[in-house]
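Novice: Take this structure first; my questions come after.
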């Protein structure tokens, strides 16, 4: 089997990671003790991707939980599925990173990283044929962003030919924990551009807007935001966990989705959007699902896809539905809004259907888009970064941990390069040959 080793780092990473394991354990019929109580062979057919089968028919998640302070991991351990994880896979420090990327990446995190890598090796060795790693973390804090990116680069060194996939929560001024989020996020993106194969950009701003506008929650909590994240994560991993043809492993997904190695930041979406209480009231049709899924209000990244163009798209439909109808609707979207898909990648929309719907829904759709509009998210962080960096505000916290201002400048320019690369491919057309000839004539 093709296994995936899951890592979760920092407070946010551990909270959404724990939620992810709750949701997929439920979908695979696994209870909090690791015993199987399912009703379908499909649940077990590819269970090995995320779970290790231990003695006594117990299923143990291939998960490694990392943090620089014990708090969040204690609450995961005492949470609903806390006992399902392998106790040795909790790796934590005592000092905390204090929302400081440098502490996570260079000082505190660097001290803990070797003991994490030991656990990574142990998990990898129990795999038959490891396909890659996935990390859940946020980019605004200290541990998830600083130590998370340190782990990525260390794992990359040791397993250079395995896929590295991240679920990265982007900071937002609307749901802000700390004032230095733009610094931490920029330093992290600088690492993610170079060291990951696919990154799902989950944006607190978008999650907040969905809760507020669509779900009519007046004061969304992190619990509400994480409910959306876990639905999305369950959706994008469907193809990896259940039998199917399309994007059945991380590498195939990357091959379909990433036309240029640096442009691997995906915009996830989900339909139907429901709040935690109101799922069962009406079933959606395939046309409604498709329409909702492409709607900017359903995107988990605060970018408007209509401001850019799609390089590639993958859609995953779940539930009992007619393949024919799904294909018709997807073609319909591409024909109606063809200007939003780059014409120099033909057939750049791929669709998969899985029979098993998520808990509480008859059918759902998950959207993964590689859109040039994602640059809006990086621009937003970059502007906040520049505003503070110009005045060197809060910089002493980072230089005090041994960082150099030069590193900030490099991260800033790498992020700006990323934005202009997206812009370049947004403007590119299939008949560029003609434009160059015209320029020569003028010369």
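Glycine is treated like the rest: Cβ placed from N, Cα and C.
Sharing the features that Swiss-Prot gives for it:
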MOTIF     1-4  motif 'MREI motif'
BINDING   11, 69, 138, 142, 143, 144, 204, 226  GTP binding site
BINDING   69  Mg(2+) binding site
MOD_RES   438  5-glutamyl polyglutamate
Novice: Across all protein chains in the structure, which of the binding-site residues 11, 138, 143, 204 has the highest Cβ count within 10 Å?
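Specialist: Output for this query is 143.
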Novice: Counting Cβ atoms within 10 Å of each candidate's own Cβ, which of the binding-site residues 142, 144 comes out highest?
Specialist: 144
Novice: Of all the Cα pairs drawn from 11, 69, 138, 142, 143, 144, 204, 226, the residues the record ties to GTP, which distance is largest, in Å?
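Specialist: If we measure all Cα pairs in 11, 69, 138, 142, 143, 144, 204, 226, the largest is 23 Å.
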Novice: Taking only same-chain residues 6+ apart in sequence, whose CB is under 8 Å from that of residue 69 (GTP binding site), what do you get?
Specialist: 92, 93, 94, 95, 96, 97, 143
Novice: Provide the number of Cβ atoms within 10 Å of the Cβ of residue 226 (GTP binding site), excluding the reference atom itself.
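Specialist: 20, counting other Cβ atoms within 10 Å of residue 226 (GTP binding site).
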Novice: Return the average pLDDT for the motif 'MREI motif' (1-4) as a whole number.
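Specialist: A mean pLDDT of 89 is what the model gives the motif 'MREI motif' (1-4).
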Novice: Does DSSP put residue 144 (GTP binding site) in a helix, in a strand, or in coil?
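Specialist: Its secondary structure by DSSP: helix.
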